[in-house]
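The compositional bias 'Polar residues' annotation in Swiss-Prot covers 478-498. The domain 'Fibronectin type-III' annotation in Swiss-Prot covers 366-463, and the record cites sequence analysis as its basis. According to Swiss-Prot, the region 'Disordered' annotation covers 478-530. Feature annotation from Swiss-Prot assigns region 'VIN3-Interacting Domain (VID)' to 602-714. According to Swiss-Prot, the motif 'Nuclear localization signal' annotation covers 239-246. The zinc finger annotation in Swiss-Prot covers 164-232.
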Amino acid sequence: MDSSLDGAAGDSSKCSEMSVDEKRQLVYELSKQSHLAAEVLQAWSRQEILQILCAEMGKERKYTGLTKVKIIETLLKIVSEKNSGECEGKKRDSDCLPIQRNTKRQRKVDNPSRYVIPATNIVTSNNASGSCSSVNTKGESTTIYCKNLACRAVLRQEDSFCRRCSCCICRKYDDNKDPSLWLTCSSDPPFEGESCGFSCHLECAFNTEKSGLGKDKQSEGCCFYCVSCGKANSLLECWKKQLTIAKETRRVEVLCYRLFLVQKLLKSSTKYRNLCEVVDEAVKTLEADVGPLTGLPMKMGRGIVNRLHSGPDVQKLCSSALESLETIATTPPDVAALPSPRSSKMQQDCSYVLSNEISADTATTGSTKIRFEDVNATSLTVVLASNEIPSPPNIVHYSIWHRKVPEKDYPEKSTCTLFIPNTRFVVSGLAPASEYCFKVVSYSGTREMGVDEINVLTRSAEEGANCSSAVERSVSPLTNCSTLSSNPSSVEAESNNDYIVPKKPSSKNEDNNSPSVDESAAKRMKRTTDSDIVQIEKDVEQIVLLDDEEQEAVLDKTESETPVVVTTKSLVGNRNSSDASLPITPFRSDEIKNRQARIEISMKDNCNNGDHSANGGTESGLEHCVKIIRQLECSGHIDKNFRQKFLTWYSLRATSQEIRVVKIFIDTFIDDPMALAEQLIDTFDDRVSIKRSAVGGSGASAVVPSGFCMKLWH
């Protein structure tokens, strides 16, 4: 044995200064003395022995399942077989290490699959850069490889570290790299674009201000900035990795360290406060058992998560946070465009019913649940956090801004501020056929909880006019008029806007023309039969009485004529009076009294409607009641039969006191539909079930209250 090699064999410090080829030569010499070889190699480090073993086999393996003694025996066996030439290389690779039989994934094409150190080259290493280079016997530098045995990537001359396996901040690599503790600059969405591909330790990123994850750094997004190129990259994947490991781990030290990392990552983001609250709760629960989290992997006596009192609860919170994070990753952008109000066929036809259900104008978005109702050409109603979807308990008030979509900035002053529970506001002064963007900011005290933006398109002026005319047609008066005089030629006229008042013939010409008038009147009489009146009573949405102005016009026009048109309201009279049991033939003085009574009733109705309008926006009292009853039927709290009877009674027979009681019930139980339905059924079931008798003859019918005839007129 050479003297220099003999001295190195006994001194481990000299051995560390030797090159790989010199170490291999020394091992070959030691293999000839089997009693001395094992003792000398035992003084060497495990990494030095593995380096020689990989060079001898031509393969890079970690041999984590073998002890140091077993590795030395394997190395000496391979060297002895090479010296004796007893077996071939292929057989040696397959037989010498039976434990390492697992197939490994192929490396990428742009990197060398295996690196074999040539016997004629001298390898020099550079510990600072983490790379090594091979120099041939002529002194010419050839190829530079990464010092990491698990990487061995080819490096360029200008590279100071391996971008594939080393940190771009500390320029070091991990022997057993954990990808969940590294951040990589990539082109993955939502931050697409050219990336450098460098990676760094997560701990190094926390200690560097350029990464945006410093102690005092806060950002609205969930990103970090590459220290090398400055590109923004998403942190969502890193969050999910930490939470997944924390949810599945069995070791307490791993759970503590991962939760510490998640909490540190979330503190740098102002956008995901809800997720941060869940993680903070998990950390507080865990700290009650293990103490404050220092951030470094720790060894604990009770190292199993299931042995901790709070272990299962903490991992459940991790699962909850992970589900919230998955929802965030799959949520579309915040700004969502509402469907245009013109797209609904119901709104194009403007076929509104008395219930005024505008489901097509309603849309929700975001956590605040913004809804638009009564979208017109110049105004609309904004509704936040409806009764079906109440607002979160920590929300105190909302501030609303609006602008046209082409405009970039919102006005400095907010459009309105809504405080819980009042979450409805009418916005007027809008331009027809214009798209507006509404921004709603929710607050908990002075703290901003969230921002939602939503677009809406107002109607055009033509659509607004068409809708107005359609609404007028839908509520056009359907008269039910009849005369109770002894004149047999008197007829009952019924139409939307016109009426027929036949006169007694005063001349021959009038006698000749009277049959044509009677024929036309007879045709119109066919429209109103007893069955029609019963059908009208069953479906209250298809019957509307004459309003006060039209009744005044009818009475003024018929004052000078013998037959008098009597409206349903004047026919029935005062609902509370027993004198209204029978129809009365009106005289001049009676008409004046009826006119005054109608004015008083109109004023009362306006007052009632005003009360409802205050609670229900632009809805009248009857419309508001019909809408509520219809909602109770759709939700299954009442049946169709009760709905028909109740609305017929409410619109035709209910007294002012009963209407007031119904209004109080609706306003009181509006948040509890089931209780409202039970109260209405219990209070008014008997009243709505009372049938009204129809009297009259020769095709003319009138609906009057049942009972004894107390007075008689002639």
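Cβ from N, Cα, C; glycine included.
Here the motif 'Nuclear localization signal' (239-246) has long-range neighbours at 179-180, 222, 254-255, 258-259, 261-262, 265-266, 315, 318, 321-322, 325-326, 329, meaning same-chain residues at least 6 beyond its ends whose C-beta is under 8 angstroms from one of its own. Broken down with DSSP, the zinc finger (164-232) shows 11 helix, 14 strand, 44 coil. Broken down by DSSP into helix, strand and coil, the motif 'Nuclear localization signal' (239-246) contains 8 helix, 0 strand, 0 coil. Residues belonging to the motif 'Nuclear localization signal' (239-246) score a mean pLDDT of 90 in the model.
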